Amino acid sequence: MESTTNTMVNGSDLDNNNAAGGGGVVDVYGEDFATEDQLITPWTVSVASGYTLLRDPRHNKGLAFTENERDAHYLRGLLPPALMNQELQEKRLMHNLRQYKVPLQRYVAMMDLQERNERLFYKLLIDNVEELLPVVYTPTVGEACQKYGSIFRRPQGLYISLKEKGKILEVLKNWPERNIQVIVVTDGERILGLGDLGCQGMGIPVGKLSLYTALGGLRPSACLPITIDVGTNNEQLLNDEFYIGLRQKRATGQEYAELLQEFMTAVKQNYGEKVLIQFEDFANHNAFELLSKYSSSHLVFNDDIQGTASVVLAGILSALKLVGGTLADQTFLFLGAGEAGTGIAELIALEMSKQTKAPIEEARKKIWLVDSKGLIVSSRKESLQHFKKPWAHEHAPIKSLLDAVKAIKPTMLMGTSGVGKTFTKEVVEAMASFNEKPVIFALSNPTSQSECTAEEAYTWSKVN
């Protein structure tokens, strides 16, 4: 009662491109052939037919199975008699999604679809990206992570906890796919602007990799979301009966470093040197350390430090077309001096140095940062974390953002604080008082943590 993967892949209906028109599905990412000639766990060598096939999200097509496929894979009687191609299924599902008024309900519905019919999930996401992007990722994913234990249905990705110390390689081998190209890994300590969500941060790697498939064209089977669970300091989660992670305080120091070292070694051993390891939503003190420690031995990337910076720099260069002048003509003031803030600032300085041929130290003098203690200045240098020290310039101490804006007179105000409503009416009005066209980037997410809205920035600055 089983049909092998080859039977399913090479059956006449799936080879025939016209099958899509009769209810079949076009294999956009080559998933039907993804398991050929691969070293995979024994239980994935064959794809079960019948009822089990309908529970396999990789190969399930629901009502899109053709008549011949229903015969070949013992599906007769397990599906209603109607044939419904992907386009019609998409129309039905989008109609259903739009009935939900609460974004989290849409998120749960999309995750449910991904867990039962992967191809249809990606077709919906690709064809309706503007509508569904905020559902599968920010801002809705933030609330989903906060409530992940309550809405948990089926595990996605790998969970590596302190319990697996000493056997992480074995855990990686439990994942059925061996040809992994991208790993997005988090330890859940700094999820978006929401803080420590522990094991429930898994929603971030899952959501981000969904976008890499839908927007970047990566095969779903080449992507692996991973959460490293070392505990959480979030008391609300520790006391939540539905919390799905370790119920202990977060491990630090040598215990943390040893687990990460074992993980990084095991990843290279199992997947090779070319697999990209993306560190996602680690706390500042670990994010910079991990990037520095492993950048010479592994293919690593930190989206918060490097990815965000590249996108923001592109936005700044576009803004210059409206306000005029060069990058070197600008003065930048950041609210927030964490991963995103310092990462963006450094890339701006690098580009400024490249354009002017001046040393990067000179370029950094055009960029000022404000953290929780006020403007970062030279007199604070001894107490600063190492990644903040390059931004400590000579100036009298200033405590508030508003006073810093008035003193520095930036042409561009950047928000990376993760604290909502910090670009107040007074701050925006101050920016507009000495800039004909002030440039304001309120970058913190989710939306509830944004420094201000676009409407507020336009209204308060009185710029059309």
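Backbone N, Cα and C define each Cβ position, glycine as well.
According to TrEMBL, the region 'Disordered' annotation covers 1-21. Residues annotated as domain 'Malic enzyme N-terminal' in TrEMBL: 114-295. Annotation source TrEMBL lists active site, proton donor at Y137. Under the heading (S)-malate binding site, TrEMBL lists R190, N445. Look at TrEMBL and you will find E280, D281, D304 tagged as divalent metal cation binding site. Per TrEMBL, domain 'Malic enzyme NAD-binding' is recorded for 305-463.
Of all the recorded positions listed here (Y137, E280, D281, D304), D281 has the Cα closest to the Cα of R190 ((S)-malate binding site).
Counting other CB atoms no more than 10 Å from each candidate's CB, the recorded positions Y137, E280, D304 peak at E280. In this model, the domain 'Malic enzyme N-terminal' (114-295) carries an average pLDDT of 96. Reported as a whole number, the C-alpha separation between D281 (divalent metal cation binding site) and N445 ((S)-malate binding site) equals 12 Å. If you compare Cα positions, Y137 (active site, proton donor) sits closest to N445 out of the binding-site residues E280, D304, N445. Taking each Cβ in turn and tallying the other Cβ atoms within 10 Å, the top scorer among the binding-site residues D281, N445 is D281.
For the recorded divalent metal cation site, residues E280, D281, D304 set the reference point as the centre of their Cβ atoms, and the other residues of that chain within 8 Å of it by Cβ are T186, R190, I191, I204, F279, F282, A287, N302, D303, E339.
Secondary structure from DSSP puts D304 (divalent metal cation binding site) in a helix. Put simply, N445 ((S)-malate binding site) is 14 Å from E280 (divalent metal cation binding site) when counted between their Cα atoms. D281 (divalent metal cation binding site) falls within neither a helix nor a strand when secondary structure is assigned with DSSP, and so counts as coil. With respect to their backbone Cα atoms, N445 ((S)-malate binding site) and D304 (divalent metal cation binding site) stand 12 Å from each other.
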